[in-house]
């Protein structure tokens, strides 16, 4: 019969160290911690098998297909330096295993099942190489960085934002007032907090109306294009699209979505709607730390970032390197480049395991947000460069004189940093001096400098190589 029942070692079929990877393969780098007594080759092969064609025992229907054509292969294993019993297992998946244009299906296949596997003590997906043959089946970001700049008519500097706080409990009218003050003071964007959806104290439609009013008023008074990220995240996809439609009817420039809690299917639907209707799409990564914070188990954020670029979003939160939230500098800049650039070289010192060629997929603006204030401005300008959104929530609304002066302080600080950089000054070394000079001409900035002169969030970064 050619069929032998029973349980076989995975490595007989799925560990293939002499395999030459194809240009069309999806490649994955897993950090594997095998259970005691399980050899690394067997653990790596088990991951390849369980995330592709394998199951725990030989089945006769294997004979009805070509395993060689469809199986995932563990083609290389290396020990992780400085860690006991941790290995990087490289797995190649044939392109045919995945549905075109579906991030949902890609994740269901690659990480859907293997993470509960008994032979592994822990498993983390560190990186994915998405071949152009697959990325070309995705629309990607609704607009991308250049189109966004053209829509907003803002060039040569990072964009400024502010999350409206307190995040929960304001009425729609008071919320709109805070939006107006921030935009009037000089910010480009204000933002719904990720958990502002449609609660009893502020229903979504009321918020959309008051925010649109605030936006148009600030626009008329400043002569600059303004935006407020209206959070369209909802309990059903239909309701989410309904909110996006209403935002479009109001004529506002941008909506927002929580892509991990909302889910990739909903996110991709919204991204398609946004491109078809000229809306920018801001993405918040609520829930990411549940998935990406543990060093030895889960999925690294650089994979979630790549997935978002495929699913679609024009902005995504990406850590600050300097504020209250997670992010080690080189690693953060690694996935910031993966979001913005067309082509990123493999660079293990930045956590990038594969060379990634995005071809013509539009880029995503990284958003730095969380515990940042005016004293951070030189560092942020230097680290993130022009193509970024810098968001100061408390760093705007916490200003002793109010929201609009808080916005003024941030705008003055940003313009000072950009100007100093363009004159060739070293922001890393002279940053504090640049802010102090600017504060002489701006009482709002001087007051902000005084309030936050001693604030530090000093904890070691968790996201290390």
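Placement of Cβ uses the backbone N, Cα and C atoms for every residue, glycine included.
Database features (Swiss-Prot):
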ACT_SITE  165  active site, proton acceptor
ACT_SITE  284  active site, proton acceptor
BINDING   113, 163, 167, 285, 317, 369  substrate binding site
BINDING   191, 193, 194  Mg(2+) binding site
MOD_RES   4  N6,N6,N6-trimethyllysine
SITE      324  site 'Transition state stabilizer'
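Overlay of Swiss-Prot annotations on the structure.
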| residue | record | DSSP (3 states) |
| --- | --- | --- |
| 113 | substrate binding site | coil |
| 163 | substrate binding site | strand |
| 191 | Mg(2+) binding site | strand |
| 285 | substrate binding site | coil |
| 317 | substrate binding site | strand |
| 369 | substrate binding site | strand |
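Taking the recorded positions 4, 165, 167, 284, 317 in turn, the residue surrounded by the fewest other Cβ atoms inside 10 Å of its Cβ turns out to be 4. Listed in sequence order, 50, 51 are the same-chain residues six or more apart from residue 113 (substrate binding site) with CB atoms under 8 A from its CB. Each of the binding-site residues 193, 194 was scored by the number of other CB atoms within 10 A of its CB, and the lowest score belongs to 193. When the recorded positions 167, 194, 284 are compared by Cα distance to residue 4 (N6,N6,N6-trimethyllysine), the shortest distance belongs to 284.
Each of 163, 164, 167, 192, 195, 196, 229, 231, 256, 284 belongs to the same chain as 191, 193, 194, is absent from that list, and has a C-beta within 8 angstroms of the C-beta centroid marking the Mg(2+) site. Non-local contacts of residue 163 (substrate binding site) by the CB criterion (under 8 A, 6+ apart in sequence, same chain) comprise 190, 191, 192, 193, 369, 391, 393. For the binding-site residues 191, 285, the ranking by surrounding Cβ atoms (within 10 Å, all protein chains) places 191 first.
If you take the CA of residue 284 (active site, proton acceptor) and look 10 A around it, the binding-site residues you hit from 167, 194, 317 are 194, 317. Neighbours of residue 369 (substrate binding site), defined as other CB atoms within 10 A of its CB across all chains, total 25. In this structure the C-alpha atoms belonging to residue 317 (substrate binding site) and residue 165 (active site, proton acceptor) are separated by 17 Å. On a Cα basis, residue 194 (Mg(2+) binding site) lies 8 Å away from residue 167 (substrate binding site).
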